[in-house]
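Asks: Before anything else, here's the structure in question.
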Ligand code: TXA
Ligand code: MG
């Protein structure tokens, strides 16, 4: 199949909405990452998402809406906590998991009794949802296991020839996927950290637990609360290794291991002292910049033929928690503590 590249203009939106209504797949910009959208109420269309991405069938999808009231058709009930979160964080990079309504196909929820709902803030995502007149199921528009796409070019690289179209909305602002919180447990629990921080969620809801899988590999035999957490994720082809140490220790270690194919994912300014090719992904203190740059950097290492990437990783708090959560998975939980 030939994948159509659509501009975010009247013609592009009209064509994308037409494809979605006909049961096709469209790469859609959002403020987090690009999504691969299909009609959430059409099981046949949703099945095509899993095929295009090579996504395991037991990993459920997020349903995207463009006004709060749409949620009432998609979930069993809307508890006060959901209304509070929506008031503060929607539209935006936060997804809520709630008991699902009967209209949600099992393909979307992957057989779970719940459904994940998000109201994105990106104007192009909102317009596409409105023009199609549909709730849109959309996982990140990458091949399963690869870093999530933050540009239309990333989507075409992974899924060109496998999907009907991609709508080009430029590069994504946040750069990592939305924060996922389940309200189906008491207290609510953070399943995936993102641009809305755990600290922000707690400021609205009080107690919010953090799922073990946010920071740690899943223990054998334990069922994942969020199935996406159990798969190896975000991996470039290179072996990513996180180095935990100060500026001097990091630079010394990387330079001592310089060799063809060895590269560095470092903080701004480190590159001046490094003897290997490096990508700076933000300053030590700017975790939002790191979130914005992370996936593009991981993809660039592939293009540059990296075999080993020595990465610096922020502390797991604020938006840094989201960066840490993605990077530790890209590294297969491999961390070297320097001293
Ligand atoms: O920012 C985002 O969330 C992007 C954009 C496109 O909206 N979407 C995205 O979707 O990242 P995806 O499919 O790549 O990640 C969805 C995550 C997965 O870890 C999945 O297991 C979890 O949300 N999830 C979805 N439905 C769930 C449910 N009912 N219960 C628990 N976890 C769920
Ligand atoms: Mg994904």
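Just so you know, glycine gets a Cβ as well, placed from its N, Cα and C.
Quantities reported herein were computed from a predicted structural model and do not represent experimental measurements.
Pulled the feature table from TrEMBL, pasting it below:
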BINDING   32, 64, 138, 178  L-threonine binding site
BINDING   55, 59, 114, 118, 140, 148, 192, 234  ATP binding site
DOMAIN    10-196  domain 'YrdC-like'
Asks: Any of the binding-site residues 32, 55, 178 with a C-beta atom under 6 A from ligand 1? Give them in order, or none.
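Replies: So the answer is 32, 178.
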Asks: Who sits close to residue 148 (ATP binding site): which same-chain residues at least 6 apart have their Cβ under 8 Å from its Cβ?
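Replies: Spatial neighbours, sequence-distant, of residue 148 (ATP binding site): 33, 34, 140, 141, 142, 176, 177, 234, 295.
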Asks: What binding-site residues in 32, 64, 140, 178, 192, 234 place CB under 6 Å from ligand 2?
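Replies: Close enough to ligand 2 are 140.
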Asks: Taking the residues 32, 64, 138, 178, which the record names as binding L-threonine, find the longest CA to CA distance and state it in Å to the nearest whole number.
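Replies: Comparing all Cα pairs, the maximum is 13 Å.
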Asks: Between residue 59 (ATP binding site) and residue 178 (L-threonine binding site), how many Å separate their Cα atoms?
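Replies: The Cα atom of residue 59 (ATP binding site) is 16 Å away from the Cα atom of residue 178 (L-threonine binding site).
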Asks: Quick check for the class: what is the C-alpha distance, in angstrom and rounded, between residue 55 (ATP binding site) and residue 178 (L-threonine binding site)?
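Replies: Between the alpha carbons of residue 55 (ATP binding site) and residue 178 (L-threonine binding site) there are 18 Å.
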Asks: State the Cα to Cα distance, in Å, between residue 118 (ATP binding site) and residue 64 (L-threonine binding site), rounded to an integer.
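Replies: Rounded to a whole number, the Cα-Cα distance is 5 Å.
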Asks: Who sits close to residue 32 (L-threonine binding site): which same-chain residues at least 6 apart have their Cβ under 8 Å from its Cβ?
Replies: 93, 120, 172, 173, 174, 175, 176, 177, 178, 194, 195
